[in-house]
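Q: I'd like to ask you about the structure that follows.
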Amino acid sequence: MSCPAGVDPKLWRSLRNGAGRAIGDFGLIKDGDRICVGISGGKDSLLLLMLLVEMQRRAPINYQLVPVTIDAGFPGFNTTTIQNFVADLGLELSIEQTGHASLITTKLRPGSSYCSFCARLKRGALYGAARRLGCNLLALGHHRDDFIETLLLNQFFIGTLKAMAAKTVCDTGDITVIRPLVYLAEEDIITTVRQAGITTVSCNCPVADADQQRQRMKQLLHRLEQEIPQIKNSLLAALGNVQPRHLLDRQLSKEGTV
Ligand SMILES: Nc1ncnc2c1ncn2[C@@H]1O[C@H](COP(=O)(O)OP(=O)(O)OP(=O)(O)O)[C@@H](O)[C@H]1O
């Protein structure tokens, strides 16, 4: 697909270039890869698929795309809209029916986070689907703002200096998770999806707006951005410019890394 109708071609080019740069910088995709693309129906994963289809057409290498949706079983989750979107891109959606919704209700321990439990189950189901469908990569739609909000959340609430990786091998070693949207700003994704008139789908879970700490990070960053316009890009750059000798990690000192 080329620039979708209604979308500012300059904006589309910048998104495509951003994803291409991430793929190059982190070596995310190579010839012969079979990529399971996690499609939630939200703006990020829909845009991810559009960009991967576009780049597939232009890339000097061959890779296959296998879009997958995990249906957690929340009543009203509209997979038909996602299926149609994927079909319009010339692909077929695999839908994994799971009983996550009822499993969470029965197994969630008091005081535990509904969202974390759901996310763990979803990630397990995505790995399972990727394996079953013969994929070696699992592509997720996390973007720049997800990375830096996670960085802040981990520092503010957990006391660790950590965000996400653009590329990481899962524990069993057979699937590599890739995040080609790492350089893309959430506001650009929102604008593109709106301009393209894409219908997004929500998972319909009962606590859809529950991640309040993340919302607080978003608001904080938004406020700070008024004073420090480059703050988001600077925080992302910090993740790629780590100076361990100027940190306090005793484990790294013991290992002689610093
Ligand atoms: N139900 C699902 N089925 C398949 N993949 C999923 C599902 N939920 C999430 N993912 C994948 O994990 C990524 C991060 O999920 P998260 O729940 O944080 O959504 P998000 O940041 O709101 O993204 P999106 O806009 O794509 O929903 C998504 O972009 C998508 O690639």
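Placement of Cβ uses the backbone N, Cα and C atoms for every residue, glycine included.
Bear in mind that TrEMBL entries carry predicted annotations, made automatically and left uncurated.
This is the feature table in TrEMBL:
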{"type": "BINDING", "residues": "Gly38, Ile39, Ser40, Asp44, Ile70, Gly141, Asp146", "note": "ATP binding site"}
{"type": "COILED", "residues": "207-234", "note": "coiled coil"}
{"type": "DOMAIN", "residues": "35-199", "note": "domain 'tRNA(Ile)-lysidine/2-thiocytidine synthase N-terminal'"}
Q: What same-chain residues, at least 6 away in sequence, bring their CB to under 8 Å of the CB of Asp44 (ATP binding site)?
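A: For Asp44 (ATP binding site), the qualifying residues are Gly141, His142, His143, Asp146, Leu181, Glu186, Ile189.
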Q: Give the maximum pairwise CA distance in Å, whole number, for the residues Gly38, Ile39, Ser40, Asp44, Ile70, Gly141, Asp146 listed as binding ATP.
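A: Greatest Cα-Cα span of the listed binding residues: 20 Å.
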Q: Quick one: of Ile39, Ile70, which of the binding-site residues has the smallest count of other CB atoms within 10 A?
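A: If we count Cβ atoms within 10 Å for the binding-site residues Ile39, Ile70, the smallest count is at Ile70.
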Q: Tell me the coarse DSSP state (helix, strand, coil) of Ile70 (ATP binding site).
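A: Looking at the DSSP assignment, Ile70 (ATP binding site) belongs to a strand.
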Q: I'd like to know the mean pLDDT over the coiled coil (207-234).
A: 91
Q: Please work out the number of neighbouring Cβ atoms within 10 Å of the Cβ of Gly141 (ATP binding site), leaving out its own Cβ.
A: 23
Q: Can you check which residue among the binding-site residues Gly38, Ser40, Asp146 has the largest number of Cβ atoms within 10 Å of its own?
A: Gly38
